[in-house]
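Under the heading domain 'RNase H type-2', Swiss-Prot lists 26-215. The feature divalent metal cation binding site is assigned by Swiss-Prot to 32, 33, 124.
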C-alpha cells in the first residue's frame, strides 16, 4: 500500500475517467466511505469505475455538495459509470471489529463487488483495505480524483437514505434530520429514550446513555 499526499486541486483531464491515460493498461476504481463518525447505522463504502466516454460534470467531495446536487449526481453516476458497487458493514460488525476495521471491510466488499475487475484501487484517506488488486491511498482524494468523488457521493447518498428509512422504525431519534451524527437533538433523545438496536454501543455517547439508563432503574 502506498499513501499519496498531493496539493488540493482537481485532477487533470487525463484522469477524468476510470482509465489513467498515462498508464493505458490500468482500470482504476475510486473508493470512499460514508458514516465513520455517526453514533448509529452502518458504515457504507462505494467503489466506482468511471467511463471516460461518458464524463460527469460537477463531481466533488460529497460533503462539499448540497443534498440536491448529490442526488442529481448520484443518478448520473449510476447511469454513466462503467461499474459501481455500494457495500456496508453493519452496526454489529462496527462494535465487534471497531469502526476502522469495519470501514476497511466495507471498502473491500465494495471493490470485490464490482462487475469489472480493476487493476488499481485508489482509496480516499491514508489507509487501504487488504485487496487482491493494487491499492493506493490518496489524502483528500474525494476532492481530487473524480472516481473517488463519485464513490463518496454514492456512499453518502446511500447511507443518508438508509437512515431516513431507519427513522420510520425509530422516529424518536430524528435520524431523518442528522443521519445518526451526534447533534444536540440526537444526544438528548439518547438520554431520554436510551439507545435502540441500530446505535453503535462501542461509541462513547451511546455507552454513556446505556449507563444512564441502567443507573435510573
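Along the chain as shown, the residues are counted starting at 1.
In case you wondered, yes, glycine gets a Cβ from its N, Cα and C as well.
Overlay of Swiss-Prot feature records on the structure.
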| residue | record | Cβ neighbours (10 Å) |
| --- | --- | --- |
| 32 | divalent metal cation binding site | 30 |
| 33 | divalent metal cation binding site | 27 |
| 124 | divalent metal cation binding site | 26 |
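Note: the divalent metal cation site is recorded as 32, 33, 124; in the same chain, 31, 34, 45, 46, 107, 123, 125, 141, 142, 148, 151, 152, 155 also have Cβ atoms within 8 Å of that site's Cβ centroid. Model confidence over the domain 'RNase H type-2' (26-215) is summarised by a mean pLDDT of 97. In the three-state DSSP assignment, the secondary structure recorded for residue 32 (divalent metal cation binding site) is strand.
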